[in-house]
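Novice: Swiss-Prot feature annotations, pasted as is:
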type     : residues : note
COILED   : 61-112   : coiled coil
COMPBIAS : 52-78    : compositional bias 'Basic and acidic residues'
MOD_RES  : 2        : N-acetylalanine
MOD_RES  : 50       : N6-acetyllysine
REGION   : 39-78    : region 'Disordered'
REGION   : 100-131  : region 'Disordered'
């Protein structure tokens with residue numbers, strides 16, 4: 001490569017160009033990564049050498065192991081968690097029953113509602129007379 005002619009001239013008015021800093025080479029993380037990739041390539045552990053099927057199988061195995069660990073963690077619930085789940089289920093059942101009763105009352109014919117109101121007023125009048 002030819003040397004630029006401004007290097008030979010000792011003109012003090014010229015600003016000498018400085019070599020640009022390569023951020024990739026100065027980055028310590030990038031150097032470590034590059035060194036690791038070179039070592040893996042020499043050993044034959046390069047990720048590009050694996051066939052696609054093998055990559056997919058390894059990913060499935062990893063996913064399976066993770067799923068098994070999560071299931072085991074769920075199975076190992078403490079007594080407190082079990083009791084809380086039971087209470088939550090009971091509360092949900094009570095809410096469902098209340099909703100069913102409300103729906104039945106809303107869907108009931110008008111004469112059934114009036115009959116219930118008459119009974120209540122009759123009972124209230126009877127209690128007021130007894131007092």
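Our numbering is plain: 1 for the first residue shown, then up by one each step along the chain.
Glycine too: its Cβ is placed from the backbone N, Cα and C atoms.
Fair warning: this is a prediction, and the values are worked out from it, not measured in the lab.
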Novice: Within 10 Å of the Cβ of residue 50 (N6-acetyllysine), how many other Cβ atoms can you find? Include all protein chains, please.
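Specialist: So the Cβ neighbour count for residue 50 (N6-acetyllysine) comes to 13.
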Novice: Give me the mean pLDDT over the coiled coil (61-112), rounded to a whole number.
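Specialist: Looking only at the coiled coil (61-112), pLDDT averages out to 89.
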Novice: Please list, for the compositional bias 'Basic and acidic residues' (52-78), how many residues fall into helix, strand and coil according to DSSP.
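Specialist: Here the numbers are 24 helix, 0 strand, 3 coil.
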